[in-house]
Amino acid sequence: MQAAVAPVDTSHLDSPPKPKVVDGWPKVQHAFGQVTAVTIDLQGNPVIFHRGSRTWTAESFNESNHYQLVAEGPIPEATIVTLAAADGAVLAERGAGIFYLPHGLTIDRGGNMWLTDVALHQAFKFMPGRDYPSITLGHRFEPGASRSHLCKPTAVAVASTGEIFVADGYCNSRLLKYNAAGRLIRTIPQPPEFLSLQVPHGLTLLEHLDMVCVADRENMRVVCPRAGLQTSHGEGEQAATIQEPDLGRVFAVAAYGDLVYAVNGPTSPMIPVRGFTIDPRSETIIDHWGPPFENPHAIAFCPNGSAMYVTEIGPNRVWKFSLGN
């Protein structure tokens, strides 16, 4: 998932760019854990967030959403890995001994890294080169639904204005909007807004359309409420909604100009696992694409729109796609 819209113009295209698998990437397959997120750094290289030797199982949480394996400590392996865009070689690793159950990752325009951990019930901002977060949202190992709590947060999107959107998440089924300093300024939905979310699992911003698009996973749709980046006018209006029979459970979304690319996950034998190209303005699916995915979980574009990456959590792998018509 990425922080902002890729600066590409899609208005002149007769058809949307079709993602094509880059064969032989990476040159060497890596032994990652569950690859839950992918973003792009300021040099155009993909950065992934993975769970190392840890997996999310039925024993990970109790009925009140408290993480049950705190005593095992944080994941000992490096969980954040930078790969070379050219060949997929490992360029850098970090994040060992910090996270318990990684989920979301994005890098904003300033190079700051935003991550979510569903076990910790927190979202973090790490400034470039820093090993300690400059902003922490939520309370450590404390699930909750108050203004200061998070509960299994899934994703973060950051606008060019510095405003922060957090998908919260598996329990609360809401979006939280913060100012650049991390002060909560809006909850989505809020009265009189009628928008029922069920596991908002991924986020992407289309700033020029003032939309924040959500992978509303268990409702099997993509919804795009007003982001309210320049003005609060329009906040609470009916969200653009894309929901068609073949969409299935939507796990991730990424903006590309005026379009949104999405991936679903296992839903039913009748619904293929694949990628979708969506026009949020007309609220339609305009294309399908992809190899035979099994469990795609995240998607991100290079800022110049030249490549796209999709990660899976079983098999634990990263796909690279080129974009052409």
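Glycine is no exception: its Cβ is also placed from the backbone N, Cα and C atoms.
Residues or ranges marked as Ca(2+) binding site by TrEMBL: Val38, Leu105. Mapped onto three states, the DSSP output places Val38 (Ca(2+) binding site) in strand.
The protein binding site annotation in TrEMBL covers Arg51, Tyr170, Arg217. Taking Cβ-Cβ distances under 8 Å and a sequence gap of 6 or more within the same chain, the neighbours of Arg217 (protein binding site) are Gln198, Val199, Pro200, His201, Arg249, Val250, Phe251, Gly265. Classification of Arg217 (protein binding site) by DSSP places it within a helix.
A strand conformation is recorded for His201 (Zn(2+) binding site) in the three-state DSSP classification. Look at TrEMBL and you will find His103, His201, His297 tagged as Zn(2+) binding site.
According to TrEMBL, the compositional bias 'Basic and acidic residues' annotation covers 11-20.
The Cβ neighbour count for Cys171 (disulfide bond), using a 10 Å radius and every protein chain shown, is 20. If you look up TrEMBL, you'll see Cys151-Cys171 (among others) marked as disulfide bond.
Summarising the annotation, TrEMBL assigns disulfide bond to Cys213-Cys224 (among others). Counting only residues at least six positions away in the same chain, the Cβ atoms of Leu206, Leu209, Met211, Val212, Cys213, Val214, Ala239, Ala240, Thr241, Ile242, Val260, Pro280 sit under 8 Å from the Cβ of Cys224 (disulfide bond). Under DSSP, Cys224 (disulfide bond) is assigned to a strand (E or B) in the three-state scheme.
Feature annotation from TrEMBL assigns region 'Disordered' to 1-20.
When Cβ atoms from all protein chains are considered, those within 10 Å of His297 (Zn(2+) binding site) total 23, not counting its own.
For the recorded positions Val38, Leu105, Cys151, Cys171, His297, a Cα to Cα distance of within 10 angstroms from Arg51 (protein binding site) holds for none.
Cβ packing within 10 Å was compared across the recorded positions Val38, Leu105, Cys151, and the lowest neighbour count falls to Cys151. According to its DSSP assignment, Tyr170 (protein binding site) is coil.
Reduced to three states, the DSSP call for Cys151 (disulfide bond) is coil. Between the CA atoms of His103 (Zn(2+) binding site) and Cys171 (disulfide bond) there is a gap of 14 Å.
Residue pair Cys151 (disulfide bond) / Leu105 (Ca(2+) binding site) shows a Cα separation of 17 Å.
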